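Enquirer: First the structure, then my questions, so here it is.
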């Protein structure tokens, strides 16, 4: 896809998303909001999986840490300030990722997958089995954070439309942030590490530090998603940190096509869309969904983001390589 | 993170640095893999302005030796000094930062990146600034200029925008040299840079090596005898992980021990 086409495509997608609240159907607005949150989550994981070559199977831990932080940092019957609780929860999830990264990044390949999973399970049980997290029932966030600055309220997160646009804004900001970082010398090093880490080292890059920075950054951005999730649903449970959640977001990234931010967003939409459609259709929706995902991986290498290029090649007769 | 800022391209085109200055000294380096002794008490001295060739049949331990010098393998015993500083404990990345660059026997590049991006990444490694996450890599003119100059130097100027993976084998070897150049390496460790090259490509690479020689110290592992005798100032012959003989090319040519152990066996040539 040429860059002009791709920009038009992105703006059209954004306009479409911006129109969702106009339908006035609160069910669909909430579903779209949830999907946008998962799209942010998927983009944060794609920084690791698709751009740095680190397949983390425990990314839900940072999502959950931020979600629990919102619930724990908010007073029980009063609204916390958004401007305090958002940076705090994102900071805590980035910090958690930084600490975990120090350990897990010493491993590679399948061991990395297993060790990230192990740390995520550890975090799961911290919230599940200690008084801190309120057990398997989780914690209610009775009052959503307020955006008030010295008495002035720019928007109200209790208003579903405001909340939706706030999340859409967060998606745009996270996308722009990641797209920009990937063009920086730092981002180029991450992509180089994915391609050939050994060579990066022999050219003088201390790759561990770069990977650690990427891991903490991805944890923090996953935390943005976790924060938003807690605000949308008003409660947090240990399930947010479970390995199902880590697996789901990994599937979104794979479905969308690793190493493509728009692909990650598309992956989140297709994944939640399938959950809804198959869920309404049959009790055994997970079985159907599993088959679809296996088929997608087999017949759609490169994921959704590779589809436009394939269509283009097919239209051009498939013969030319240029 | 340590930073080494080099004055642009000066090092690439040959600074009037003190020729003969000893850059790298490896003393009695030994590497064991379990019971196997891959290198035993190997000594190598690399002065600026000289090409030192490592010769030896397959399995003689030449690559192990290079791996110890570059930091890819820690030596079991012995010490390595770079410009008087003990660097035995430094990792490959740290040695690259002090000025030791290497190429690999099996081509080791970023196959999906363009030629320019491969070399630009190498150039960027000299001034990493990882915290500047909002600057654009493609707007760092110094790195682009440097990369282009090194690509030109290695003879790949016509293929700057090609995807590295589709280049011919010989061109990929040239790309490796360009990447080493872009890191401003004072010591270049080149593991069979001519392997698999056609005669034109080899001849061009020999010219490149000659051009690079005055400002650097070069250690070359090579089987192509014409090339070896065209560029070598010193030759070290290794057999079974040990140094058999080391000296100027004429001495090696005349050595009975070398002839018996290596040059005499026609079938061990890789020409």
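Glycine is treated like the rest: Cβ placed from N, Cα and C.
Where the annotation comes from TrEMBL, it is an automatic prediction and has not been curated.
Copying in the features that TrEMBL gives for the protein in this structure:
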type	residues	note
TRANSMEM	A:36-55	transmembrane segment
TRANSMEM	A:83-105	transmembrane segment
TRANSMEM	A:110-127	transmembrane segment
TRANSMEM	A:163-191	transmembrane segment
TRANSMEM	A:212-237	transmembrane segment
TRANSMEM	A:249-273	transmembrane segment
TRANSMEM	A:285-304	transmembrane segment
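Where in this structure would I find these features, and how exposed are they?
Expert: Remote same-chain residues near the transmembrane segment (A:110-127) are listed as 54-61, 64-65, 68, 96, 100, 103-104, 133, 138, 238, 241-243, 246 (criterion: CB distance under 8 Å, separation of at least six residues from the stretch ends).
Outside the transmembrane segment (A:163-191), and at least 6 residues removed from its termini, the chain residues within Cβ reach (under 8 Å) are 14, 17-18, 20-21, 29, 32-33, 36-37, 39-40, 43-44, 47, 51-52, 144, 155, 157, 200, 205, 207, 210-211, 213-214, 217, 221, 224, 228, 231-232, 261, 265.
Beyond the ends of the transmembrane segment (A:212-237), by six or more residues, the same chain brings 30, 33-34, 36-38, 40-41, 43-45, 47-48, 51-52, 54, 56, 59, 62-71, 85-86, 89-98, 100-102, 104-105, 136-142, 144-145, 157, 163, 167, 170, 174, 177-178, 181, 186, 190 to within a C-beta distance below 8 angstroms of the stretch.
Counting only same-chain residues 6+ beyond the ends of the transmembrane segment (A:249-273), those with a CB under 8 A from a CB of the stretch are 6, 9-10, 13, 31, 34-36, 38-39, 41-43, 45-46, 49-51, 55-57, 59-60, 63, 171, 175, 178-179, 194, 293, 296-297, 302-306.
Counting only same-chain residues 6+ beyond the ends of the transmembrane segment (A:285-304), those with a CB under 8 A from a CB of the stretch are 251, 254-258, 260, 263, 266-267, 270, 274-275, 278-279.
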Enquirer: Near the transmembrane segment (A:36-55), which same-chain residues lie under 8 Å Cβ to Cβ, leaving out any that are not at least 6 residues past its ends?
Expert: 17, 62-63, 105, 112-113, 164, 167-168, 170-171, 174-175, 178, 182, 187, 190-191, 193-195, 197, 210-211, 214-215, 217-222, 224-226, 228-229, 232, 248-250, 252-253, 256-261, 263-265, 267-269, 271-272
